[in-house]
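Chemist: So TrEMBL says this about it:
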- 115-137: transmembrane segment (TRANSMEM)
- 203-221: transmembrane segment (TRANSMEM)
- 299-319: transmembrane segment (TRANSMEM)
- 339-359: transmembrane segment (TRANSMEM)
- 418-528: domain 'TMC' (DOMAIN)
- 427-447: transmembrane segment (TRANSMEM)
- 488-509: transmembrane segment (TRANSMEM)
- 530-551: transmembrane segment (TRANSMEM)
- 599-620: transmembrane segment (TRANSMEM)
- 651-714: region 'Disordered' (REGION)
- 652-662: compositional bias 'Pro residues' (COMPBIAS)
- 678-693: compositional bias 'Pro residues' (COMPBIAS)
Amino acid sequence: MLPPQSVPSERAPGVPEPEELWEAEMERLRCSGAPVRGLPYAMMDKRLIWQLREPAGVQTLRWQRWQRRRQTVERRLREAAQRLARGLGLWEAALYEIGGLFGTGIRSYFTFLRFLLLLNLLSLLLTASFVLLPLAWLRPPDPGPALNLTLQCPGSRQSQPGVLRFHNQLWHVLTGRAFTNTYLFYGAYQVGPESSLVYSIRLAYLLSPLACLLLCFCGTLRRMVKGLPQKTLLGQGYQAPLSAKVFSSWDFCIRVQEAAIIKKHELSNEFKVELEEGRRFQLMQQQTRAQRACHLLSYLRVNILIGLLVVGAISAIFWATKYSQDNKEESLFLLLQYLPPGVIALVNFLGPLLFTFLVQLENYPPNTEVNLTLMWCVVLKLASLGMFSFSLGQTILCIGRDKTSCESYGYNACDYQCWENSVGEELYKLSIFNFLLTVAFAFLVTLPRRLLVDRLSGRFWAWLEREEFLVPKNVLDIVAGQTVTWMGLFYCPLLPLLNSVFLFLTFYIKKYTLLKNSRASSRPFRASSSTFFFQLVLLLGLLLAAVPLGYVVSSIHSSWDCGLFTNYSAPWQVVPELVALGLPPIGQRALHYLGSHAFSFPLLIMLSLVLTVCISQTQANARAIHRLRKQLVWQVQEKWHLVEDLSRLLPEPGPRDSPGPKSPASQASRPRSFCPGFPCPGSPGPRAPPPVPSVVDAAGLRSTCPGLHGTPASARRFRFPSVAEL
């Protein structure tokens with residue numbers, strides 16, 4: 001940062017020389033505590049500032065210089081490792097291409113799919129590390145002969161006649177019966193009594209699903225908070241500075257034509273999202289009270305009709321599941337195996353179509369129409385899975401149902417000797433059916449539709465056009481599959497492995513569908529809003545899977561002749577037994593106190609205090625954001641005053657020169673700051689009025705106009721372009 005050369009020109013009395021301004025700027029930078037790395041100067045100037053900040057007369061010790069070099073090397077290695085991790089990350093190139101061509105909203109769907117794949121791999125790693133490897137390594141003793149129980153049942157199940165042998169193996173694979181005696185299902189895990197074990201397989205098997213759900217909850221919650229929309233914190237009236245995107249979004253390191261095209265599409269999609277949100281906000285502000293009241297009444301009417309449809313749909317799922325379980329002796333048994341998954345798929349396919357038709361009859365705005373349909377689609381998807389789980393519980397575990405075999409054993413022991421395997425098979429079939437449905441729609445519906453639309457002409461084909469790639473619908477499909485996987489962690493421990501394979505293949509199927517067979521959604525999505533919605537639905541699915549699992553683990557009797565918990569009234573009973581065997585009396589009393597009501601009340605009070613503190617901190621942050629926004633506006637106005645002072649101090653422009661900055665009355669036709677939407681680096685704080693009107697604050701001048709360092713006075717005459725010129 002060399003001192004500016006003086007230029008002979010006429011100066012008003014009291015105006016400081018450029019050398020004085022430069023010295024004042026150097027003194028300010030030397031005394032400032034701002035990091036040198038963040039200053040808007042060249043590397044040579046930053047080295048000079050670094051040298052000026054060294055204590056006078058003190059030589060830097062050798063170990064201090066070595067420590068600085070070490071920190072620099074560590075930072076560079078860390079940045080290089082992060083770049084390498086991003087470069088070697090799963091599907092990074094594909095995600096970059098999708099984000100550039102179709103926007104960040106559609107890219108967030110594929111990123112969410114990758115996140116679910118990582119969650120499934122983490123669950124599989126936990127199960128393999130704490131259950132499968134100890135079983136293979138320790139080789140626990142044989143559990144002994146099974147209990148000889150005599151069941152008083154009204155009749156025995158007959159074999160299914162009329163089944164061709166050629167189809168037996170295929171149907172057994174599709175229904176899961178080919179893997180009944182493998183570690184895929186609960187019944188294959190068997191060990192001896194706890195007193196003879198060095199490592200408790202039962203405890204590991206019990207805690208592994210709970211640990212998986214807890215880790216998935218933490219990861220989802222962290223990602224949900226990270227993707228929280230910024231407008232929630234900045235306020236509804238906040239408008240993103242488009243000028244910042246226009247002038248600072250381009251990457252000048254791009255040298256490849258394909259990368260430039262992708263970057264252009266990405267910027268175009270960002271502008272579409274910003275303009276669409278601005279138009280939506282303007283329409284909402286223009287509504288009158290009468291219009292809002294009419295919309296509210298129409299909302300109530302449509303919601304009541306859609307609610308009745310949802311009730312009918314989940315009732316159909318309940319009766320289909322009940323009929324499939326009660327008629328296993330029929331000759332059409334193999335077809336009835338997939339009756340509940342088929343009804344669920346049919347309901348989830350026809351439901352959104354009916355919802356959209358009912359909403360379109362009311363002539364809602366596009367944004368309201370999409371949000372209302374999406375809300376009910378989420379309700380239908382999760383309610384269908386919840387009703388499927390409840391119907392299985394009523395049929396197998398006799399929940400809310402009186403049956404003779406349930407009085408003695410706690411479950412329907414006549415029809416389901418190993419009821420955990422039966423539930424695991426149902427969830428296995430549902431997962432298989434969801435993936436087969438995805439493949440069928442991609443290659444038997446979307447692909448033929450694209451071929452017909454591209455090769456045939458006519459009004460009908462022009463109206464039909466390519467299928468629209470709907471992000472919410474695809475998200476609900478994979479969330480439903482993930483919810484089924486979480487529901488089956490206890491009954492089918494290796495179901496995350498199966499779902500990982502399905503998610504891996506689904507990524508390439510959906511990518512092919514998006515790039516070749518579909519068109520982008522007409523409604524653009526912001527990535528932060530999409531991510532927040534995805535994680536919210538995923539949390540609801542996690543809650544839907546955790547509640548039945550917690551009830552089964554704590555209250556339902558295990559099967560008598562299969563699995564790890566044959567001699568326990570409930571799987572959770574293994575925890576008190578291990579505590580009594582392995583802990584001293586002091587530890588037992590401590591755990592008993594932690595599980596008693598005497599500890600729950602102080603814990604509830606502590607959580608209430610923590611929640612109160614968090615709410616208070618959130619409110620304080622909101623007030624601080626409001627103050628910072630006001631301070632930002634004040635700083636921009638202060639910079640304009642400095643620029644106007646500069647324009648008055650400079651010599652009058654000639655007839656060919658452009659006029660200086662205009663008065664505040666004409667600020668509507670010019671940008672508000674050199675850094676649109678954000679303060680420039682090193683922006684000045686409140687400045688006291690100078691004793692002489694002609695003196696200009698050097699710090700404010702240089703922070704406002706960083707490009708005027710050492711520039712002659714004749715070259716500092718400029719003007720701001722108007723909106724029309726932009």
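Cβ coordinates come from backbone N, Cα and C, glycine included.
Looking at the shown structure, what environment does each listed feature sit in?
Modeler: Long-range Cβ contacts of the transmembrane segment (115-137) within its own chain (Cβ-Cβ under 8 Å, at least 6 residues beyond either end) map to 90, 183, 189, 191, 199, 201, 204-205, 207-208, 211-212, 215-216, 219-220, 223, 478, 482, 485, 489, 493-494, 496-497, 499-500, 503-504, 507, 538.
Taking Cβ pairs closer than 8 Å, the transmembrane segment (203-221) reaches residues 115, 119, 122-123, 126-127, 130-131, 134, 189, 486, 489-490, 493, 496, 535, 538-539, 542, 545-546, 549, 553, 564, 571-572, 574-575, 578 in its own chain, all 6 or more past its ends.
On the 0 to 100 pLDDT scale, the model's mean across the domain 'TMC' (418-528) is 88.
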